[in-house]
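*Asks:* Following this message is one structure expressed as C-alpha cells.
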Amino acid sequence: MNQEVMNLFNPQVPAQTFDSIRISIASPEKILSWSYGEIKKPETINYRTFKPERDGLFCARIFGPIKDYECLCGKYKRMKYKGIICEKCGVEVTLSRVRRERMGHIELAAPVAHIWFLKSLPSRISTLLDMTLKDIERVLYFENYIVTEPGLTSLKENQLLSEEEYMIAVDEFGEDQFTAMIGAEAIYEMLASMNLEKIAGDLRSEMAETTSDLKQKKLMKRLKIVENFMESGNRPEWMIMKVVPVIPPDLRPLVPLDGGRFATSDLNDLYRRVINRNNRLKRLIELRAPGIIIRNEKRMLQESVDALFDNGRRGRVITGANKRPLKSLSDMLKGKQGRFRQNLLGKRVDYSGRSVIVTGPELKLHQCGLPKKMALELFKPFIYARLDAKGYSSTVKQAKKLVEKEKPEVWDILDEVIREHPVLLNRAPTLHRLGIQAFEPILVEGKAIQLHPLVCTAFNADFDGDQMAVHVPLSLEAQLEARVLMMSTNNILHPANGAPIIVPSQDMVLGLYYLSIMNQNEPGEGMAFSDMGELHHALETKAVTLHAKIRGRYKTVDAEGNPVSKIYETTPGRMIIGELLPKNPNVPFETCNQEMTKKNISKMIDTVYRHCGQKDTVIFCDRIMQLGFSHACRAGISFGKDDMVIPDTKVKIVGDTEALVKEYEQQYNDGLITQGEKYNKVVDAWGKATEKVAEEMMARIKAVEFDDSGRQKPMNSIYMMSHSGARGSPNQMRQLGGMRGLMAKPSGEIIETPIISNFKEGLTVNEYFNSTHGARKGLADTALKTANSGYLTRRLVDVAQDCIVTHTDCGTDKGLTMTAIVDAGQVVASIGQRILGRTALDNIDNPVTGERIVDAGRMILEPDVVAIEKAGIQSVRIRSALTCEIQTGVCGVCYGRDLARGTPVNMGEAVGVIAAQSIGEPGTQLTMRTFHLGGTATVVDQSFLEASYEGTVQIKNRNMLRNSDGVLVAMGRNMAIQILDERGVERSSQRVAYGSKIFVDDGDTVRRGQRFAEWDPYTRPMMTEVEGTVHFEDVVDGISVLESTDESTGITKRQVIDWRSTPRGTDLKPAIVIKDKNGNIAKLARGGEARFMLSVDAILSVEPGQKVSQGDVLARSPLESAKTKDITGGLPRVAELFEARRPKDHAIIAEIDGTIRFGRDYKNKRRVMIEPAEDGVEPVEYLIPKGKPFHLQDGDYIEKGDYILDGNPAPHDILAIKGVEALASYLVNEIQEVYRLQGVVINDKHIEVIVRQMLQKVEITDAGDSTYIVGDNVDRIELEDVNDSLIAEGKKPAFGDPVLLGITKASLQTPSFISAASFQETTKVLTEAAVAGKTDNLQGLKENVIVGRLIPAGTGGTMTQIRRIATARDELILEERRKGTGAESATPMLAAMANDPAAAE
C-alpha cells in the first residue's frame, strides 16, 4: 500500500530512449541555458551550521534542496509545498536528487582558451589560425602582442610583438593606426572573424597547385578541420570560453568525517581557485588597476581554468595540501580508474559472493556446491518474498528476524527458492567466455564452493586455494539465458578450436589409462566373455585381471536401431569403458579399444558429441569421470626415485660428444672454422646428445619386461603419468632421468657448456649456477608477460567488439585459398584441419573421378574432409570473414561453423569478441608457463628437406650445377622441388635455398621421409657458375677487408668489413671476379660478367689466383647464431603482427617481375633496378644500404613478391604488392606459427576476423567527383555509400586502396567515439569528436554497455531487430495512410519483412 501512495507523489520519469549520441562544442549560450544560476563566491558550506553558503559552490538556491522536500531555512517542509520557491532562502521545494543534475556557471571577466583545443595534439586552434602552438601560447599567456589589423603600417597581420616592440610601434605609427591585442581576447577576435567558406576554397585551390608532399599534407590537415567546423555547425570562437560551466554539487561532494574535518573532491579546490581569481580580476578592472597587474591576473585565471579542465597538461601541476596533484575533469574520465573503465564498463554488482573452491566429484556436470550460509545471504529477497507468501511472516521486518535466527522453515524455503535457479560462477582472471559459467546450486555444509572437476580446464582452476565468485541472475530473462546459453552442459566445446574442453585431466586420465592397458601373460589370457555380467563375475573371483588379453562381445545398435553385437580382442578394463559408451552405430567399440591417453579420451568425447548429441555426452562425461577417479584410486599408482631410470649408454654418449667438441675446438684452433661457427656446432652437438640420451631413457622406461613366471612386469609409473597425459612431459622426464642439457642466458643466447647431470644424480655447483640463469629469467618473464598478454587481449577485444554476425549470406564470390602447412617436411596443419567447418566457395570435385564432394556455398563437414583428403586435393577455396562484403559485421556463411556449438553460426553471435578472447587467452597461459622447464634451451634450425609424400620429383625453374665434389648444387633463387603422385597431381612443393645440395633430379621417385636437399643453416654461400681464376677487386687490407689472426690458433681469416667508415673507402666496391684463361672477365650464361659483389661480414674462402670450377664456394656470409625461440619472443611477435609494425630490418619486396640490374651507387646505398618482363611497365629501383647481406647478382630473374633483401616483410608492403589474400595468409601463418610452437590450437577464422577489422579503412587514390581529398583515410563502408550516390547521379566515383591499421590505431578510429574514448587517449578522442560534431549510432557492444542498454548481440540483437522492424512497419503504415490508400497494401511487405530481417534494414 505504502508503495502505491509514494508512487503518486514521486512519478517515475520514463527513461529517455535515444538512438544516437552527438557531441559538440558548447557555445556560451548553451552553457547558460544549462545553468540554474551564477556562482559568485568561492565558499562551500558554513563551518558552524554546515549549511551551504548562498551563491557559493554548494548553494541550495542554485542547485536545489539538501533534504527532500524541505527548503534551507525550514519554512516549507513536506510534500504539500512541492514546487514552491521559498521567499526567504530562495530554495525550490523538491527532491534533493536534483543536486545531481542541476548545473551552475561562472561568468569569466576575461575570455579563456579551452586547454583541450589548445594543447591536445594536433592543436585545433593553431591549425585553424595556421600559427605555431608556441606563438599562440605566447599570446595567450601574455608574453607577446599580436597584430590583428595592421592598417597602413609596415606591420604584418598575425605578427608577434614583444612589449618593447609594441611600445616602439605605438610611438612610431600612433596608437590608432593599427590594432595589436594580447591574451585570449586576441585569439577570440581572430577566430570570430574567420570566414570558413572562403578559407576552405583557398585551401582547395592551393592544394591543387602545390607539388610538395609536405605542404599538401599540411594543407589537408587544415582543410579537414575547417570542414569539420563547417559541417558540425560549431563556431571556432567557441574554443575560447567566456562562461565556465560548474558541475552539480553531488558529483563533487563534501563529506564530513568524524572529528569535524571534511573530505572534499579535488574539483571544489579547482573551482575555488577559478572563482577567487575571477572575482579578483573583476575588482581590479573596476579599480582601473595598472595594465600589468590586470594582465598578470588574466594569465593566472587562464592557468586556473586550464588546471580545472586538465591539470598538468600545461605548466606545473597544481597540488593540494598534501603535495598530491589535484584530479581535474579530464582525470575523472581517463585511464583505468576513470569514469569509462571503472564505472561504466566494469561495475561491481550486488547479489554476489566469493569463497575458496574445493573439488566436488560427486556432483553432476550441471551442478555446483553452494555453502548454505552463502546461499541464505544471496537469495535473501527471494526468501523474504516466499516467507511472506507462505504466511510465515507478515512484514519484511519479521521475515528478516526469521532469517537471522535461521529457523528450520527458512532452510526449507531456501531449498525451494534455489531449486532450478541457476547461479553464475566466475574465476578471475576471466580470459575467455568459459571463465563464467552457470550451474544449478546444491546446498552444502561448510564454507567452500564445490566445483565439478571436469570444468576446471575451462576455468583454468585448481584446488590449491583458488577463489571463485558467485553471482545470482535475478530477472527471468537472465535466468533463462544462464540456463540456455551459459550452463556448463552447453559449453562442451572450446570456442577457440572446437575441441572438447570438458575433458578428464590428471587423476581421471591416469585411472582410465590404467584401465585400458593391455599386458601379456596375465592370468585369464585368452578367455572369452559373452556379456558384462560374466566379466564382472570373473573379475570379482580374480579369474581374470583388468589387463588380460581376452575376447569379448560388445553390444551396440545398427543404423535402424536394432541390437547388434560383435566380438573384439580387448581387455576387461576396456570392456568396462565400452560399457559406458552410448549405443550408436557411429560410435564403434574401436573408440575405446585402445590405450586411453588424454588425446584419445578427447577424441572419444568429440566422437560421442558429434554423433549422440549434447545430453548423451554430458551423461557419458560424468560416468567417465567417476570411472577414472575410482580406478585411479584402486590402481594406487605412485612413484619413487627408482622409477627414474638413467640409461647406461649416457656415459658413452656424453663421452662421444665431448670428443666431438674437442675436435671442433681443434678445428677452430687450426682456423678451419670461425668462433661463431664453432659455437653453433658445439651447441648443435650437445643438443643432439641431449636428445639421444632422452631417447635412450624413454626406450628403457618403455621397455616391456617379464618376471620369472613369464608375466609382464607392471609399467613404469612415471612413464604412465607422462604418456597418458596426466602429468609431466617427456621434457621433464628428461631432466629427471636423462640429462638437463643446454641452458639459455637471460639474453636468449645458449651457454656452450651443458648440464650433463640430471636431477636424480644431482647437479654440481657450476651446473647449478648455470641453471639459475634460465630459472630466474622464467620467473621474471612470467611477471612481465602476464601484463603484456592482458593488454594484448584488451586491444584485440577493442578492435573487434563491433564485429557481429548480422546477416545470413552476403553472396560474395571472394574468398581465401587454403592449403596444408608444411614445415621442415612435416605437415603441421593438414588441409582438412584448416577447412573443417568453413563454407566452400567453389564446387569441390574429386580430380580423378570427377564426382562432386561439396557444392559451392555448403559447409564442409567431417565426412567431406575425409573425402577431400582421400582425393588428394591440394588447395580449396573457402569463404572467409576477411572477404565478407556485408557493410556492418560479418555474414553467417562467410564465418562458417560456430566452434563452440558445432553448428552453423547464429545470427547476432559476437564473433569479434570470441575471436579476441580466443587469441588473447592462450597468450596469458603461455606466458605463465615459460619457467617450468627451468630455461632448458632448444635449438630450432632446419637444414634439410624431406619428402612428406611418395611420388615423382619435378623441379620448377631448374638451375643446378655439379660442383667439384660431384654433388648437384642449386644455383637458382626461385627453384622449387615438387612431388607429383601417380596421377600427376602435385602433392607438395618446396622452395630450395640457393647453394643447397640436391640429391634428386627431374623424374626421380622419392619415398616418404627421404631427404632430397640439405644446406648449412649457419652460413649463406656465394658460388661461381663458371670456371676460371679468382681475382679480387677493391679488396684492400684494413679498409674493406680485415685479416684477423686468432691468438689461440695463429690462423688468419679474411672478413669483409664496413668499408664506408674510412674516408679512403667511400668509393670502393669490393668484389670477386672470375677470369678465363685469356685473362678476360668470364661471361655468365645469362649475360653479364662474372663479378660477385661482397657484402659486409662475408668471409672469403678463396685466394687470388686460385683456380675454381662450377659450383665452388667463393665466400660465405654467416647468419646470426641460433637463438632459442619461446613465447617470450612469441608474445611480442604476435603483438607486432597485430599492430602491423614495420620490422626493424624489414625485407624489401619486388613489386614487379623482371631482371635484376645494378645501377650507379650512391654514397652508402646500392642502387638495384628491376627491368620489367612485360612491356609498358616502368622499371622500379630500390636503394639498399651497402653493408646489408645482399645475395642477388646482376641478371637474376625475380618474380613479383620475391625478397630482394631478406628479413621479415612489412605487412603493408605485402598488402600493397600482393593484395589482401596474400596479406591474410601471411598474417595468419605467422601468428599461428607462434602459437603452434607452444602447442596451442586456434582456428584460423579468429585471426581472419581480427585482420578484417584492421582492413576497414581505405586511402583515397582518385577522388573522382566526391568531396574527398587524395590521401584521405576513410571508412570502407562510407566510401561505398558515397560512391553509390555518386554513380546514381551519373558522376565519377572515388577510388581507394585498402590500408592496414594496427589494432590500437584501428580501435581509435572506430566510427564510435564513445568506444574509442573508453579505450585510450580519452581527451584526444573526445576533442576530435567534439570539433567534428560526431554522432555515435551505438552500433558496437561497448557503446551500448556504456549507455546502459542491452548489447546488440545475442538476445539483445534480436530485440534490436524486432524494434527496428516495428519502427519500419509504423513508418510504412503512416506512409500508406498519407497516400490515402489505406493500410492494406503494406501488409504483404510487412509479412516479407518479418520473415527476412535483412530486408527491414
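Note that Cβ sites are derived from N, Cα and C of the backbone, with glycine treated the same way.
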*Asks:* Among the residue ranges 226-249, 1330-1353, 1378-1401, I'd like the one that Swiss-Prot describes as region 'Disordered'.
*Replies:* 1378-1401
*Asks:* Among C633, C884, which residue does Swiss-Prot annotate as binding Zn(2+) 2 together with C810, C891, C894?
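*Replies:* Looking through C633, C884, the residue Swiss-Prot assigns to the Zn(2+) 2 site is C884.
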*Asks:* Out of the binding-site residues listed (C71, C73, C810, C884, C891), which are within 10 Å of D464 (Mg(2+) binding site), Cα to Cα?
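*Replies:* Neighbours among binding-site residues: none.
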*Asks:* Could you say which of the binding-site residues C73, C86, C89, C884, C894 has its Cβ with the most other Cβ atoms inside 10 Å?
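*Replies:* That would be C894, with the highest Cβ count within 10 Å.
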*Asks:* Determine which residues of this chain, when C71, C73, C86, C89 are set aside, have a Cβ within 8 Å of the centroid of the Zn(2+) 1 site's Cβ atoms, and list them as they appear in the sequence.
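*Replies:* For the Zn(2+) 1 site the neighbour list reads A60, L72, G74, K75, Y76, K88, G90, V91.
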*Asks:* When you measure from the Cβ of C810 (Zn(2+) 2 binding site), which residues in the chain that are at least 6 apart have a Cβ under 8 Å away?
*Replies:* C884, E885, I886, C891, V893, C894
*Asks:* According to DSSP, does C891 (Zn(2+) 2 binding site) fall in a helix, a strand, or coil?
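*Replies:* C891 (Zn(2+) 2 binding site) sits in a strand per DSSP.
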*Asks:* Have a look at the binding-site residues C71, C73, C86, C89 and say which one has the shortest Cα distance to D462 (Mg(2+) binding site).
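*Replies:* Result for D462 (Mg(2+) binding site): the nearest of the binding-site residues is C71.
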*Asks:* Using the Cβ center of D462, D464, D466 as the Mg(2+) site position, which other residues in that chain lie within 8 Å, going by their Cβ?
*Replies:* I357, A461, F463, G465
*Asks:* Show, in sequence order, which residues other than C810, C884, C891, C894 on the same chain lie with their Cβ within 8 Å of the centre of the Cβ atoms of the Zn(2+) 2 site.
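*Replies:* Other same-chain residues near the Zn(2+) 2 site: H807, D809, T812, R879, A881, T883, E885, I886, V890, G892, V893, Y895.
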*Asks:* To which of the binding-site residues D462, D464, D466 does the lowest count of other Cβ atoms within 10 Å belong?
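*Replies:* Lowest Cβ count within 10 Å among the binding-site residues (D462, D464, D466) is D464.
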*Asks:* Please report how many Å separate the Cα atom of C71 (Zn(2+) 1 binding site) from that of D466 (Mg(2+) binding site), as a whole number.
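*Replies:* Between the alpha carbons of C71 (Zn(2+) 1 binding site) and D466 (Mg(2+) binding site) there are 54 Å.
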*Asks:* About how far apart, in whole Å, are the alpha carbons (Cα) of C86 (Zn(2+) 1 binding site) and D466 (Mg(2+) binding site)?
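*Replies:* D466 (Mg(2+) binding site) has its Cα 59 Å from the Cα of C86 (Zn(2+) 1 binding site).
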